[in-house]
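The region 'Disordered' annotation in TrEMBL covers B:37-59. The NADP(+) binding site annotation in TrEMBL covers B:ARG48, B:ARG54. For B:ARG125, B:SER126, B:SER127, B:ASN238, B:ALA239, B:GLY278, B:LYS293, B:PRO294, B:THR295, B:SER296, B:SER297, B:ARG319, the entry in TrEMBL reads FMN binding site.
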4 protein chains.
Amino acid sequence: MAGNSFGQLFRVTTFGESHGLALGAVVDGCPPGLEISEADLQGDLDRRKPGTSRYTTPRREPDEVKILSGVFEGKTTGTSIGLLIENTDQRSKDYSDIKDVFRPGHADYTYHQKYGQRDYRGGGRSSARETAMRVAAGAIAKKYLKQMHGIELTGFLSQLGPIKAEAFDAAQIEQNPFFFPDAGKLEALDQYMRDLKKEGNSIGAKVQVIARNVPVGLGEPVFDRLDADIAHAMMGINAVKGVEIGDGFAVVEQKGSEHRDEMTPAGFASNHAGGILGGISSGQDIVVSLGLKPTSSITVPGKSINTEGEAIEMITKGRHDPCVGIRAVPIAEAMLALVLMDHLLRHRAQNQGVLTQTPQLR
Amino acid sequence: MAGNSFGQLFRVTTFGESHGLALGAVVDGCPPGLEISEADLQGDLDRRKPGTSRYTTPRREPDEVKILSGVFEGKTTGTSIGLLIENTDQRSKDYSDIKDVFRPGHADYTYHQKYGQRDYRGGGRSSARETAMRVAAGAIAKKYLKQMHGIELTGFLSQLGPIKAEAFDAAQIEQNPFFFPDAGKLEALDQYMRDLKKEGNSIGAKVQVIARNVPVGLGEPVFDRLDADIAHAMMGINAVKGVEIGDGFAVVEQKGSEHRDEMTPAGFASNHAGGILGGISSGQDIVVSLGLKPTSSITVPGKSINTEGEAIEMITKGRHDPCVGIRAVPIAEAMLALVLMDHLLRHRAQNQGVLTQTPQLR
Amino acid sequence: MAGNSFGQLFRVTTFGESHGLALGAVVDGCPPGLEISEADLQGDLDRRKPGTSRYTTPRREPDEVKILSGVFEGKTTGTSIGLLIENTDQRSKDYSDIKDVFRPGHADYTYHQKYGQRDYRGGGRSSARETAMRVAAGAIAKKYLKQMHGIELTGFLSQLGPIKAEAFDAAQIEQNPFFFPDAGKLEALDQYMRDLKKEGNSIGAKVQVIARNVPVGLGEPVFDRLDADIAHAMMGINAVKGVEIGDGFAVVEQKGSEHRDEMTPAGFASNHAGGILGGISSGQDIVVSLGLKPTSSITVPGKSINTEGEAIEMITKGRHDPCVGIRAVPIAEAMLALVLMDHLLRHRAQNQGVLTQTPQLR
Amino acid sequence: MAGNSFGQLFRVTTFGESHGLALGAVVDGCPPGLEISEADLQGDLDRRKPGTSRYTTPRREPDEVKILSGVFEGKTTGTSIGLLIENTDQRSKDYSDIKDVFRPGHADYTYHQKYGQRDYRGGGRSSARETAMRVAAGAIAKKYLKQMHGIELTGFLSQLGPIKAEAFDAAQIEQNPFFFPDAGKLEALDQYMRDLKKEGNSIGAKVQVIARNVPVGLGEPVFDRLDADIAHAMMGINAVKGVEIGDGFAVVEQKGSEHRDEMTPAGFASNHAGGILGGISSGQDIVVSLGLKPTSSITVPGKSINTEGEAIEMITKGRHDPCVGIRAVPIAEAMLALVLMDHLLRHRAQNQGVLTQTPQLR
């Protein structure tokens with residue numbers, strides 16, 4: 001069933017495969033009057049695009065996005081916005097040898113079983129290449145959130161395999177190819193990645209995204225809570241196996257007296273909750289963490305089966321990221337932006353005026 | 001905006017507050033011909049209901065559910081099913097003293113800011129009492145999944161504060177009031193809860209749910225992936241701050257050669273993925289973990305503010321669970337059942353026949 | 001698939017059969033702060049309820065609605081509103097003789113074929129009794145529209161069989177049991193209905209609803225246009241076979257110079273469009289017409305088949321309306337109110353502020 | 001709010017303006033395995049495209065559609081299908097003179113008021129040019145319906161202004177530029193259109209669509225009835241002001257004994273209902289009629305206002321259809337195909353197997 005749309009009021013619908021002609025998206029429900037151009041989208045696309053460092057896939061795609069509709073004289077008109085990125089570096093022949101096999105740890109098997117067939121070229125629709133359109137659409141949301149509400153999103157890599165960020169320097173994040181906030185660990189990261197490459201292996205990672213200046217009141221209980229929708233957005237990113245809000249799984253060992261964030265006339269005294277209470281934003285920073293698995297596209301040989309059910313052994317050739325967590329940073333930001341944008345509109349619909357009329361205690 | 005519906009094809013819509021007249025739900029989209037009666041729902045409601053052990057809130061509610069429509073001569077008719085549970089033990093007066101204050105760690109503040117007002121009695125709509133209807137609706141899904149596909153769901157408490165289950169004995173789970181699979185730890189749990197009660201404090205917990213016999217093919221990429229929808233369902237349960245599929249956050253430190261589940265003609269050789277690849281069920285057990293925060297309703301005094309923004313200090317009286325994780329076990333099962341049920345129908349809609357026509361390699 | 005919800009942001013979900021225990025609804029997405037009580041809903045329920053005149057079914061139902069949630073201290077809280085009407089005058093035995101036959105012109109056959117079974121008591125879910133919940137939910141929308149925007153809805157019967165209203169006296173509508181605006185035709189209507197009753201037959205009707213003071217800008221092209229959603233709402237009322245906006249089918253013979261509504265600085269010079277241009281409200285009166293078929297529940301014998309496919313001849317006993325168009329008047333008003341309410345919230349979501357900032361030329 | 005999607009399970013999302021770079025659509029939820037190519041879509045696009053006869057707009061657009069994704073090796077894969085048509089004959093300068101005025105009878109005024117601005121070039125998003133993507137998407141649905149269920153759709157013009165079809169010869173419909181089933185009236189139509197052109201005026205029309213071989217059981221009461229969703233689809237076509245199912249408004253003067261379709265072991269004895277009973281398809285032909293207004297783009301001068309609210313008099317230059325009803329024929333077919341496709345999938349989701357297990361009495 002139709003599962004390629006995200007959001008209800010600010011709704012993004014995407015199409016496109018890894019090795020098809022193009023990727024595209026329709027962004028529906030954008031408020032009119034927002035100044036937007038391709039340049040606003042290209043920045044984040046460039047942060048996500050492959051081939052920018054030796055730590056990511058060598059596939060080279062310019063990922064140049066075109067705005068085909070919904071923008072007139074430099075501003076959104078309120079009608080649906082069509083976006084398109086043409087695929088240029090497809091090299092389909094790389095993939096012909098995996099036509100009849102299921103790569104272990106990949107979606108080959110499940111797509112084949114679900115649909116009775118699959119586009120095997122580079123993973124087809126299951127490829128993370130699809131996320132380029134999420135980033136493009138997210139950039140529109142980001143601009144609106146920033147301009148209208150001063151909301152700012154910061155994503156970074158907090159851990160790569162065994163290497164954790166111990167310092168947090170926001171200024172560092174965009175200065176290195178890892179989106180890593182701890183400059184002291186960059187050399188270790190570089191060495192780790194070199195060793196990994198030699199080994200033909202891949203590694204997991206942890207990504208964090210923080211949203212600042214989110215107004216109080218976003219989230220629609222009891223099912224469409226803000227945290228529930230964030231979890232949906234994040235777990236829907238390729239390779240993500242875990243999502244946390246605020247203290248996340250650390251709460252398991254916390255006591256109530258320790259976890260609850262006390263309030264004072266000056267605001268909250270702590271932020272264990274990660275900015276969400278009862279499924280509704282509290283006005284504090286929203287803090288989200290993701291755990292991303294290591295890609296299964298490695299050159300270490302692995303056991304699998306072919307479409308006849310026979311045993312095979314295979315290595316995954318082609319061009320792949322040894323740590324998909326790195327490029328997931330702009331994707332996670334984009335998805336959080338889409339959730340916040342959708343919930344901002346949802347809140348407005350029901351509570352016009354409430355957002356500003358009530359005292360902002362923070 | 002309307003956020004009280006869950007699911008698209010098997011859609012549950014709920015209403016009701018902690019201290020209102022009744023809780024209710026509409027279950028829409030249930031296939032016709034399913035034998036169902038109140039008794040089928042009451043079992044799980046009794047597992048969730050308060051007042052069953054000294055480890056949960058002493059509030060006593062029979063939680064007797066009535067089926068008001070959609071079932072005729074013992075079978076579902078395909079039309080919408082109305083469910084109702086009347087509240088009987090409301091004691092609203094317990095709560096009049098919190099009318100003008102925001103309990104720390106609760107949704108009082110965010111509901112007040114979002115809607116400009118709130119039903120302060122026992123948390124109103126933000127109370128976990130609302131989840132009774134999720135359990136009732138989930139029981140319908142559970143019966144269908146079991147009867148038509150042999151799908152079975154098992155939830156349990158895997159950790160309570162510092163105490164982790166080290167053994168797993170499925171038969172134990174329903175034999176103790178903790179839903180704990182490790183009989184050797186029951187005494188420690190009892191002692192921990194007694195100490196906690198003396199202290200007037202609460203504790204976090206970890207809950208796990210496993211689904212067996214799920215067919216290959218459920219999940220609708222790229223946004224409505226099965227794991228994404230499970231994350232949405234689970235993070236939408238009160239007090240949940242983290243969700244994991246399969247190995248969850250452990251993947252951060254795993255290498256690709258270690259994480260990827262190899263396949264053999266006899267099936268998968270491991271299940272790090274937790275039964276989902278590329279957002280689609282693989283036919284393996286689906287494994288989900290949740291981290292639940294300690295309830296903020298404790299008698300340890302805490303700092304907060306009142307609706308005038310003035311500093312106060314308060315303790316939360318009333319009747320509360322010292323570990324909300326315990327009663328979350330049947331809720332988590334219910335939510336997973338609702339997701340699987342919805343996705344089963346979604347898969348059928350697009351792929352009629354594919355489910356059975358393709359070879360089941362597992 | 002789940003089809004018992006109406007609206008996206010102001011969403012009504014209903015349940016209940018003609019001869020079940022109760023009818024119910026969940027109204028989700030209502031803005032907080034609206035003063036509402038059962039009395040506000042009862043007025044329209046009484047206008048719709050059976051047994052009020054000799055021209056409608058003699059079934060007697062008090063149709064007393066209870067608000068079970070979502071309203072606190074007399075005001076909506078923004079959470080979901082539960083509504084319930086218990087069935088009291090069910091007389092199920094009346095219907096046992098139709099258990100194995102398909103009444104001609106009824107939904108017996110299609111329900112049976114669709115779901116493989118059916119609740120045959122009084123038509124089950126296909127009975128117009130279900131519309132009581134639409135009227136109850138619509139009354140909440142009506143109150144909000146009136147109070148916040150001064151929007152007023154007026155429904156009336158413009159034609160019953162061959163008898164057309166030629167005069168329009170708004171004050172007359174609620175003064176007679178036909179909701180007929182032309183007092184000069186009341187005697188003819190009475191005589192017509194008496195003759196019809198003797199004959200054991202039924203008759204079609206035309207109903208019109210007008211909405212005044214609707215702001216410019218409601219409607220979400222290109223698919224969720226205001227007129228499209230009105231058509232959906234109206235064609236979804238039992239027995240409706242045609243829907244018109246403004247001049248409706250008369251446009252087929254109109255020329256462009258005749259149809260287009262010219263504008264002047266004082267406003268529109270005519271209203272052929274019925275208040276909607278390009279799928280968006282123009283600020284003029286919204287004018288909607290419905291054609292309702294004669295009920296098929298008549299005592300004139302008719303040919304049909306039974307569930308074995310054998311020929312039978314039958315008359316439809318039980319208690320029925322000879323002209324279902326009469327009681328459709330409050331239903332049509334309710335549905336228009338639901339559409340306008342939903343679109344008001346939808347417009348707000350995307351265009352906060354635009355509604356009031358732009359010049360209102362009308 | 002997002003209003004550019006149609007359908008729930010077979011969901012079409014469109015973008016594009018009359019004079020933008022391109023029109024596009026995403027078709028989501030198409031079953032896998034359907035053989036489809038651009039050629040399958042081009043046929044209906046050619047039937048709709050402008051410039052094919054002297055009775056339609058002289059704008060010349062090849063309307064060549066490209067399939068960008070979702071089809072692999074000639075078959076649908078079950079993933080989202082991206083469609084694109086580039087605009088080639090835009091001539092934006094034609095429209096610069098209407099930048100600051102509201103053409104009477106057009107959506108200029110309502111778009112401007114709704115969004116606070118508008119793309120004035122050729123009506124922007126409100127132009128019927130947008131419907132090309134509906135036709136392209138509808139062609140996919142048509143092919144599936146035909147191939148899997150033998151469902152066939154036939155649209156035609158049944159009336160143009162005062163000229164009604166009195167004979168019905170299906171073979172004629174595609175033989176003349178009017179889609180008119182009565183060859184005896186073609187000369188009259190030609191003369192009427194010539195006179196109209198001289199006059200610089202336009203005329204209304206009536207279009208009918210018939211669907212054959214629709215299985216019993218499509219439609220999801222109580223709100224998403226098949227007739228309700230058809231009405232939504234049809235009233236959402238530009239210029240439509242009225243929709244009828246079966247006998248439509250003629251039912252107003254019918255008696256129950258006359259209207260109800262009696263059943264015999266051989267099937268229904270008549271089809272006043274137009275193939276839908278209780279909102280569910282009965283297996284008979286589905287019969288839908290639309291009334292389309294005359295376009296307001298005429299060269300007869302008309303009164304209006306500019307964006308400053310000042311009185312003006314204007315004629316609408318540019319290239320327009322004197323009778324938009326003609327080209328609406330393939331659009332109406334496409335919309336009916338989309339509704340049937342969506343409901344086929346919706347029915348399957350809930351009632352897998354029921355469709356074929358129950359006796360087909362027809």
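Just so you know, glycine gets a Cβ as well, placed from its N, Cα and C.
Just so you know, TrEMBL annotations never went through curation; they're auto-generated.
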Cα distance (Å, whole number) from B:ALA239 (FMN binding site) to B:ARG48 (NADP(+) binding site): 15
Least buried by Cβ count (within 10 Å) of the binding-site residues B:ARG48, B:ARG125: B:ARG48
Candidates from B:ARG54, B:ARG125, B:SER127, B:LYS293, B:THR295 close to chain A, where binding-site residues are judged by Cβ under 8 Å: B:ARG125, B:LYS293, B:THR295
Same chain, 6+ residues apart, C-beta under 8 Å of the C-beta of B:ARG54 (NADP(+) binding site), given in sequence order: B:MET193
Assigned conformation of B:THR295 (FMN binding site) - DSSP reduced to three states: coil
Interface-adjacent binding-site residues, chosen from B:ARG54, B:SER127, B:ALA239, B:LYS293, B:THR295, B:SER297 when a CB lies under 8 A of chain C: none
For B:SER127 (FMN binding site), the number of other Cβ atoms found within 10 Å of its own Cβ: 21
Structural state census, the region 'Disordered' (B:37-59) (DSSP three-state): 11 helix, 0 strand, 12 coil
Local backbone state of B:SER127 (FMN binding site), from DSSP in three classes: coil
Binding-site residues compared (B:THR295, B:SER297) - highest count of Cβ atoms within 10 Å: B:THR295
Under 8 Å by Cβ from B:ALA239 (FMN binding site), counting only residues of that chain that are 6 or more apart: B:ALA128, B:LEU292, B:LYS293, B:THR295, B:VAL324, B:GLY325, B:ALA328
Per DSSP, three-state class assigned to B:ALA239 (FMN binding site): coil
Other C-beta atoms that fall within 10 angstroms of the C-beta of B:LYS293 (FMN binding site): 30
